[in-house]
Amino acid sequence: MPIIRKVLARQILDSRGNPTVEVDVYTENSFGRAAVPSGASTGIHEAVELRDGDAGIYLGKGVLKAVDNVNTVINDALKGMLVTEQEEIDEALLALDGTPNKSKLGANALLGVSLACAKAGAEYTGLPLFRYIGGTMANTLPVPMMNVLNGGAHADNTVDFQEFMIMPIGFSSYSDALRCGAEIFHALKSLLKSKGLSTAVGDEGGFAPNLRSNEEAIELVIEAIGKAGYKAGSPTDKGGLGEAQVMIALDPASSEFYDSAKKRYVFKKSSKQELTSLEMAEYWEKWASDYPIISIEDGMAEDDWEGWKILTDKIGSRVQLVGDDLFVTNSKRLAEGIERRVGNSILIKVNQIGTLTETLQAIDLAKRNGYTAVISHRSGETEDSTIAQIAVATNAGQIKTGSMSRSDRMAKYNELLRIEEELCGQAKYPGASAFRV
């Protein structure tokens with residue numbers, strides 16, 4: 001019987017050198033290990049990441065309290081449970097915490113346990129994790145959102161918007177799409193060097209040069225696509241119709257430059273201009289007309305529901321509008337967004353909500369209501385590649401896991417290559433059909 005015998009946590013370091021939680025789950029016949037990611041630009045509605053707060057140790061970012069919660073309270077509660085009963089395990093974790101935002105035990109403690117249990121369950125059944133979670137129909141490799149140029153909170157430069165990404169849609173296989181992304185990444189590096197610009201990378205592996213404007217950033221990415229020998233879409237392609245091979249995705253992380261007191265979007269790092277919600281929506285409308293943009297994440301601030309509605313009404317029929325800080329992988333927040341008819345996609349970050357079951361529920365709710373789901377990493381990552389497995393398990397069709405550098409990002413891309421190989425002829429790459437616009 002796959003009965004949980006021991007749950008053991010430890011403090012390890014993430015890709016930014018900050019402490020995070022790693023959990024091992026042991027049964028008589030199987031073992032699972034999971035490491036928890038951490039964000040830089042976090043939404044105020046996210047589940048609580050429990051930190052120690054001792055400024056003299058890891059600058060207050062230690063996670064020994066969360067580790068202790070796993071090794072005592074959670075270990076005692078889960079011992080004797082069947083590791084294959086994922087929903088029961090996650091329900092037990094939620095009951096142990098008892099708070100709406102996981103502030104008692106910490107979402108970082110709960111998530112590590114939840115994912116490690118899933119891995120131990122998969123090992124017990126002899127199935128890969130994507131098959132264990134998703135069943136026999138799990139066969140869709142995701143279109144990657146590759147973050148090749150960074151700004152905002154992810155970089156020390158003059159670019160307001162956090163992520164400029166490429167999406168290789170005009171390919172029949174994931175491996176070909178990955179090659180396209182890698183070649184564009186190297187073309188962009190060469191282009192930046194030729195212009196005397198920095199090729200230092202940000203937290204997620206994208207370049208972070210000092211540029212004159214946000215417009216220069218997106219234009220450099222488009223130039224790199226052509227330099228690599230690929231065809232960027234046109235603004236009228238609407239999801240890659242025609243001969244487009246690559247489209248652009250953005251994550252401005254607008255909550256980071258929204259002044260709630262002024263109710264203005266303030267471009268602090270570049271032009272210093274201040275925009276109302278209507279003006280910000282019109283700004284994105286113009287960009288969607290001028291550039292081959294297929295997806296915008298957090299185009300408006302997390303609590304600017306009015307702004308989100310304006311933006312959705314303006315371009316939601318032709319651009320994927322992804323809610324990250326808006327929805328925070330939370331089914332209740334997503335349900336509110338569906339009711340208000342804002343956005344048309346949800347970003348899925350497992351540590352925003354804290355358990356695998358709640359993550360899968362959010363994805364299911366999105367799909368049932370015609371929203372797409374984008375499985376995502378965090379800026380503080382580890383070598384753990386669970387999100388690659390979840391992307392295939394749920395047939396999400398899209399994944400956001402950084403640039404073509406830094407091994408913490410490449411671990412996810414390489415895991416998807418292995419899954420594609422394992423699926424062999426069953427593997428599907430959706431390309432432009434991953435979008436519903």
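Using the three backbone atoms N, Cα and C, a Cβ is placed for every residue, glycine included.
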Matching residue for the Mg(2+) site, where Swiss-Prot names D251, E297 - out of D203, D324, D325: D324
Per Swiss-Prot, Q162, R378, S379, K400 bind (2R)-2-phosphoglycerate; matching candidate in K189, K349, K412, K428: K349
Beyond the site residues D251, E297, D324: chain residues whose C-beta lies within 8 Å of the centroid, for Mg(2+): Q162, E163, L250, P252, A253, I296, D298, V322, G323, D325, L347, K400
Fewest other Cβ within 10 angstroms of its own Cβ, chosen from the binding-site residues Q162, S379: S379
CB contacts for K400 ((2R)-2-phosphoglycerate binding site) [other CB atoms within 10 A, all chains]: 30
CB within-chain contacts under 8 A for E297 (Mg(2+) binding site), separation at least 6: E163, A249, L250, D251, P252, A253, L321, V322, G323, D324, L347, V374
